[in-house]
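These features come from TrEMBL:
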{"type": "ACT_SITE", "residues": "Ser68", "note": "active site, phosphoserine intermediate"}
{"type": "BINDING", "residues": "Ser68, Asp279, Asp281, Asp283", "note": "Mg(2+) binding site"}
{"type": "BINDING", "residues": "Glu379, Ala380, Asn381, Arg507, Pro508, Ser509, Gly510, Thr511, Arg516", "note": "substrate binding site"}
{"type": "DOMAIN", "residues": "59-92", "note": "domain 'Alpha-D-phosphohexomutase alpha/beta/alpha'"}
{"type": "DOMAIN", "residues": "117-176", "note": "domain 'Alpha-D-phosphohexomutase alpha/beta/alpha'"}
{"type": "DOMAIN", "residues": "181-286", "note": "domain 'Phosphoacetylglucosamine mutase AMG1'"}
{"type": "DOMAIN", "residues": "304-446", "note": "domain 'Phosphoacetylglucosamine mutase AMG1'"}
{"type": "DOMAIN", "residues": "464-536", "note": "domain 'Alpha-D-phosphohexomutase C-terminal'"}
Amino acid sequence: MEETQIASILKTSELYPIPQSIKLSYGTAGFRADASLLESTVYRVGILSSLRSLKLNSSTVGLMITASHNKVSDNGVKVSDPSGGMLSQEWEPFADQIANASSPKELVSLIKDFVEKKEIAIEKGGEVWLGRDTRLSGESLLRAAEIGVRSVLGSVAVDVGVLTTPQLHWMVRAKNKGLNATESDYFENLITSFKCLIGLIPVKLESSKLVLDGANGVGGLKMEVLIRSLSDIDVEIRNTGRDGGVLNEGVGADFVQKEKVVPLGFGLKDVGMRCASFDGDADRLVYFYIPSESCGGDKVELLDGDKILSLFALFIKEQLNIIGDEGKKCRLGVVQTAYANGASTDYVKEMGLEVVFAKTGVKHLHEKAEEFDVGIYFEANGHGTILFSECFLSWLVGKQKDYSEGSDKHNAVSRLVAVSNLINQAVGDALSGLLLVEVILQHMGWSVQKWNELYKDLPSKQVKVEVPDRTAVVTTSEETEALKPLGIQDAINGEIKKYQRGRAFIRPSGTEDVVRVYAEASTQEAADSLASSVAQLVKSFLGSS
Ligand code: G16
């Protein structure tokens, strides 16, 4: 590295000293912490993003400032690779090292070694697009990121404004594919493919209203823009954040999925209505309805990521069946995590689909879904998408020419092509996922209640346990068993045995300072009781904080 380059990093890093006693890790989805602690981290991730761009021939890299479903006082930063996917995991250890470097000198030395090891030609200059969610702390963190990016001499930082996380990933992917890549292009793409799918519905019925909880975040605001151009969908948006509500507080996909109660702003007036929730940066989507007044108007029937996955799988399988023998050759597969409800796994297996499991974190699921012609991945928390392989897509596009227009086969192929355009190929996206759910429900002529009948979820319960050191929990690769602390898995197995259809596991969260407990059993009381005994075990093995 040239002296001028070293001087540039030394000078700017003086502006962002690392706070005392902070140890950060790139985690499930980037760095997350209280926003007041993050300037130095975001500045350093700015440097990393420039280097990543340079390593990949100055392709555009994305840097997103968000703490997604976490509380409003937190913030975070994650990197989108030029493909639009998550930062290559190979670079995560470097991210951890530089985020924790205790002095400008150590920082420079780590960067110098890395640049040499990875043979990064630093002369050309990279390009990084910077997005942020609606958190107020995002503005100053974005300035820190800009300074980090530009401290790699010749690199350019482009502020693309307040966006959902999936919008930034989509834009980065489009830019590197040489396509139109502005936010309006993103909307235009959703609108065109949604309208195409609506136009292909065999018997169109009047669609009922959807009520959307925007989590007081960026997703509701973007949805408002989107629906202005869509006449085939009636959406009422609540919790836009404009009426004083706090981001993710008593609202949003994470809250609804974990608590299984209505978000603020919903109640008795909504009994039976089709409702949906986004999370804070709109990369997660869940649906729900309030079953009856007798539940007091706050308990919900939840249609989580597993149910969305099942609906998508059903629709895609139906189109492949219409195409016939050639369509049936398509390798359609599903990727889930240990959190997937056992009933959903049984359902997709009964449909004849291949199911594989991955570790929590979309970066792990995405990788496995890419191995299929059409790979559908979803975490139960509502984060997921459908990936179409290049090869299968070009086969589909070829078939569009072979089949006569208006024929069943032509329509089925056209639907699949439109789905591949509508659903975000870079990352799970609540806006595009919602449009696809809506169009499939219209296609099937189904209500949300009818969709919910696809299968009955096994009762489940999730709890968080605060412990002095969550890294003391080490699990197997699919996170279904704990290897450490020694002896805890035997104790958990002992609890599981007491319950019919019992299943439980523990894992350290990668986004919060907690150990997560998941339990499933044949009744809700049993699932609650299993979760609580496993949580007790966690406390007794690790201590409470
Ligand atoms: C992030 C990841 C998800 C993961 C979630 C919870 O979501 O993108 O893949 O499921 O964190 O992770 P953990 O259990 O490790 O805390 P988001 O929506 O917060 O970006």
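Glycine is no exception: its Cβ is also placed from the backbone N, Cα and C atoms.
Those residues of the chain, other than Ser68, Asp279, Asp281, Asp283, with a C-beta within 8 angstroms of the mean position of the Mg(2+) site C-beta atoms are Thr66, His69, Asp133, Thr164, Thr165, Gly217, Gly219, Ala253, Phe278, Gly280, Ala282, Arg284, His383, Ala430.
Here the Cα atom of Asp281 (Mg(2+) binding site) is found 5 Å from that of Ser68 (active site, phosphoserine intermediate). Annotated pair Pro508 (substrate binding site) and Asp279 (Mg(2+) binding site), C-alpha to C-alpha distance, rounded: 21 Å. The highest tally of CB pairs under 8 A with the domain 'Phosphoacetylglucosamine mutase AMG1' (304-446), across 117-176, 181-286, 464-536, is held by 181-286. Within the set of binding-site residues Asp283, Glu379, Asn381, Pro508, Asp283, Glu379, Asn381 have a CB atom less than 6 Å from some atom of ligand 1.
Cβ-based neighbour count (10 Å, all protein chains) for Arg516 (substrate binding site) stands at 23. Taking the C-alpha positions, the distance from Arg516 (substrate binding site) to Ser68 (active site, phosphoserine intermediate) comes to 18 Å. Here the recorded positions are Ser68, Asn381; the one with the fewest Cβ atoms within 10 Å of its Cβ is Asn381.
Summary: among the binding-site residues (Asp279, Asp281, Asp283, Glu379), the fewest other C-beta atoms within 10 A of the C-beta are counted at Glu379.
Taking every protein chain shown into account, Pro508, Gly510 are the binding-site residues, and of these the Cβ with the most other Cβ atoms within 10 Å belongs to Pro508. Only Ser68, from the recorded positions Ser68, Glu379, Gly510, place their Cα within 10 Å of the Cα belonging to Asp283 (Mg(2+) binding site). Checking each of the recorded positions Ser68, Glu379, Asn381, Gly510 against Asp279 (Mg(2+) binding site) by C-alpha distance, the shortest gap belongs to Ser68. For the domain 'Alpha-D-phosphohexomutase alpha/beta/alpha' (59-92), DSSP puts the residue distribution at 4 helix, 14 strand, 16 coil. Within the model, the domain 'Alpha-D-phosphohexomutase alpha/beta/alpha' (117-176) shows a mean pLDDT value of 97, rounded to a whole number.
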